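Feature annotations, reproduced from TrEMBL:
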- 1-24: region 'Disordered' (REGION)
- 40-64: transmembrane segment (TRANSMEM)
- 56-321: domain 'G-protein coupled receptors family 1 profile' (DOMAIN)
- 76-94: transmembrane segment (TRANSMEM)
- 129-148: transmembrane segment (TRANSMEM)
- 160-177: transmembrane segment (TRANSMEM)
- 215-236: transmembrane segment (TRANSMEM)
- 260-287: transmembrane segment (TRANSMEM)
- 350-360: compositional bias 'Polar residues' (COMPBIAS)
- 350-375: region 'Disordered' (REGION)
Amino acid sequence: MNEATTIAVNISGPNTSSSEQNGPPSSWTIYDDALEGLAYVNYVLLPTMLVLGIGGNILTIVVMMSPKFRQLTSRIYLIFLALSDVTLLLTQPFNKMFVIEMIGSDVRALSDVGCKIFFWFFRTGKMTSSWFVVCLCVERFIAVWFPLKAKIISTQKSAALQIFTVYLVIGSFNGAWTKNSRIPADGKCYPDYFDKTNKYDAEEYKAMLTAGSSLYSLVPLCILATITPLIVFKLARHREQRKRLATSTKSDSSQATKTTAMLIGIVVAYFTLVLPITLLHNIAFYLGMKSFGDNPKGFLIFRDVAQILEQINYGINFYLYVLTSTQFREQLKLSVTENRLVRKIRQVTESSSGKTASTRASKDTADNPDVSNKV
C-alpha cells in the first residue's frame, strides 16, 4: 500500500462501512488476486526449497567426494555447481518483498558496503552456476565426440583450471558491477541504481547489464543450445552402433549414456527456469524500472514467477541426479546408510541391545535357581 492510499484510509476510516472494511477495495483487480496467490506460493515454496535445495546440494557434494566418483572429472564441476546453488538459495530470500516486510527492514541495506557485498555473492553464485553447467556440458561433448582424446583433454587438473578462471572472470566483473549496488533515500538496497538523468551513467549501466546478462544466461544458453543437440545426435548413433558391438563394451557405453542423460536433464531445466529472470532484468531497464522496486502489478507478477522459477532451478539438480543416474542413487544409499555417524549409532544401538539382553538373562538366572543347577 503506498503512502497516498495509507493517508486516504486513515482519513476515511471512521466513515467506512463494515462491508467495505471486510471486503476487497473497489479497485481490486485480477492482478491483485494473482499477486496474493503468488504470495501464498512464496510462503510455502521458500522454506521448502531452502530445506530441500540446500539439503540436496549438500548430499550431492557428499556423494561426489566419495571414492566411487574420485576418478570422474565431471564430479569437480558438480561439486562447485552445488556450492554455487547453495549460495544462491541462501541469498535469494532477502530479495523477496514479503521477507523484507516480515523482518521489518531490508537487511541488505545495513550499510553501503554490505549492499555491495550481498549482490556480489548473489550475482557470482548465479553466474558461476551457469558456467559450471557449460563446463559440464563441454566435458560431456568431448567424452561423446572424442572419446580417445577425452582422457588427455578432460583431466581433473584442467577442470580445476577452468573453475579458477570462471571465478576470476566473473568475480572481477561483479566487483566492478557493484558500483550500481547502492542505498538511495528510501533506505533499500538496489542492485540497479544509477542516475537516470545522467546519460553517461545510463549508458554505462546499460553496458554492464548487457554484459551481465550475457555472462549469466545469454552466452551459456547459446553454447548449450549448440552442444546439447550434438551430444544427443551422437548418442543416437552410438545406440545404433551398440547393437552390433560385443556385450563387453555395453556396460561402459551404458554408463556414458546415463551420465549424459543426467546432463541433458540439467540443461533442459536450465533453459526453462533461468530465461525468465534474464528477461526480467532487461525489461526492467528498458522500461525505466527497478527490478526489485515498486512497479506496475503486471510486472510484479512476472517478477514473482521469474524468481520462483529461478529458485526451483537452483534446488532441483540433486533430484535430477537421483532420477537419471543409477550410479548416483547407489552411492547416495551407501553414503546415507554406511557413513561413520550411522555406523557409530548402529554400534551404540547394538551394544545397548546386547547389554540389555545380557542383563535380562542374568536376572532370569538369578530368579530361577533350577536353571542355574541344570547348567
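Glycine is no exception: its Cβ is also placed from the backbone N, Cα and C atoms.
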Cβ-Cβ under 8 Å with the transmembrane segment (160-177): same-chain residues at least 6 beyond its ends: 76-77, 80, 119-120, 123-124, 127-128, 131-132, 135, 208, 211-212, 215
Averaged pLDDT, computed only over the residues in the domain 'G-protein coupled receptors family 1 profile' (56-321): 84
Residues from the same chain, set at least six apart from the ends of the transmembrane segment (129-148), whose C-beta lies under 8 A from its own: 73-74, 77-78, 80-81, 84-85, 88, 154, 159, 162-163, 166, 170, 215-217, 220, 223-224, 227-228, 230-231, 234-235, 238, 256, 259-260, 263, 266-267, 270, 274, 314
Outside the transmembrane segment (260-287), six or more residues from its ends: residues with CB under 8 Å to it: 130, 133, 136-137, 140, 143-144, 192, 205-206, 209, 212-213, 216-218, 220-221, 224-225, 228, 231-232, 235, 295, 299, 302-303, 305-307, 309-310, 312-313, 316-317, 320-321, 323-325, 328
